[in-house]
Amino acid sequence: MDPQNYSLVSEFVLHGLCTSRHLQNFFFIFFFGVYVAIMLGNLLILVTVISDPCLHSSPMYFLLGNLAFLDMWLASFATPKMIRDFLSDQKLISFGGCMAQIFFLHFTGGAEMVLLVSMAYDRYVAICKPLHYMTLMSWQTCIRLVLASWVVGFVHSISQVAFTVNLPYCGPNEVDSFFCDLPLVIKLACMDTYVLGIIMISDSGLLSLSCFLLLLISYTVILLAIRQRAAGSTSKALSTCSAHIMVVTLFFGPCIFVYVRPFSRFSVDKLLSVFYTIFTPLLNPIIYTLRNEEMKAAMKKLQNRRVTFQ
């Protein structure tokens, strides 16, 4: 299409989760409560890890604190706007705001994928090589793992936004989701996006699939090692691994389903995106603290310290 014959789109229309006014009122209350719970739960983990010397000196809890920080960002890139849009008849987002959503989703999402692999490696060393744990999971190693997750997330998001922001958007501007989902946005471009879809598969799909396979291998090795131990000594390790596997499944399953097939869309995709953008950040604090006696003891200590100061 000749650039002289069209005007560029300056904003996009988001369809949201539903069109029913009654459901939107319910979703406003529900997701507002969920978002508050996400922020408070992850903030509590972050503050507990930072304030407790035993926790913030442990590689496992250092990584967990970083996961809580990323979850707060992952839940905040689109959820506040979605909540506000439940009360609005027109769900508009500017072009710049749309690109920002794509950037922060892939930045935090990519970083969290790599961080979850690092946490699986930490559990592998703790369970399979306990005598070498402090050597293999030194502070230098932990910092490198966290920095690697942030660098991968940043490079991944830049690579996604770089080709998306320069596409010509001149026709339809309606996105059938509650945020600017990359596969839906590039389909609005006034050009053939088949090659871009292939690029997206080799980027988002490859990142999520490779991290997921690494996690599967790690936890398979861990579970096999646990089975070889005496029954009485495996309960804590098995509980920890089960919690991690649950997080991995809830986070990676929807991501892989959505991003490895950008040329086809299903109505369930919109609901699946709720899992990795909202429910995973909500469940992480619960899963990682529910059976973790050290974390619960540190939280009680933090609460007692607060009562003492009052």
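Placement of Cβ uses the backbone N, Cα and C atoms for every residue, glycine included.
Quick look at what Swiss-Prot annotates:
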DISULFID  Cys98-Cys190  disulfide bond
CARBOHYD  Asn5  N-linked glycosylation site
TOPO_DOM  1-25  topological domain 'Extracellular'
TOPO_DOM  50-58  topological domain 'Cytoplasmic'
TOPO_DOM  81-101  topological domain 'Extracellular'
TOPO_DOM  122-140  topological domain 'Cytoplasmic'
TOPO_DOM  160-196  topological domain 'Extracellular'
TOPO_DOM  221-236  topological domain 'Cytoplasmic'
TOPO_DOM  260-270  topological domain 'Extracellular'
TOPO_DOM  291-310  topological domain 'Cytoplasmic'
TRANSMEM  26-49  transmembrane segment
TRANSMEM  59-80  transmembrane segment
TRANSMEM  102-121  transmembrane segment
TRANSMEM  141-159  transmembrane segment
TRANSMEM  197-220  transmembrane segment
TRANSMEM  237-259  transmembrane segment
TRANSMEM  271-290  transmembrane segment
Secondary structure composition of the topological domain 'Extracellular' (81-101) [DSSP: H/G/I, E/B, coil]: 12 helix, 3 strand, 6 coil
Residues in the topological domain 'Cytoplasmic' (122-140) grouped by DSSP into helix, strand and remaining coil: 16 helix, 0 strand, 3 coil
Disulfide-bonded residues compared (Cys98, Cys190) - highest count of Cβ atoms within 10 Å: Cys98
Taken over the topological domain 'Cytoplasmic' (221-236), the model's mean pLDDT: 72
Contacting positions for the transmembrane segment (59-80) when only residues 6+ beyond its ends and CB under 8 Å are counted: 31, 35, 38-39, 42-43, 45-46, 49-50, 100-101, 104-105, 108-109, 111-112, 115-116, 118-119, 122-123, 126, 137, 139, 141-142, 145-146, 149, 178-180, 277-278, 280-282, 284-285, 288, 294-295
Three-state secondary structure, which DSSP defines for Cys190 (disulfide bond): coil
Three-state composition of the topological domain 'Extracellular' (160-196), taking helix and strand from DSSP: 13 helix, 2 strand, 22 coil
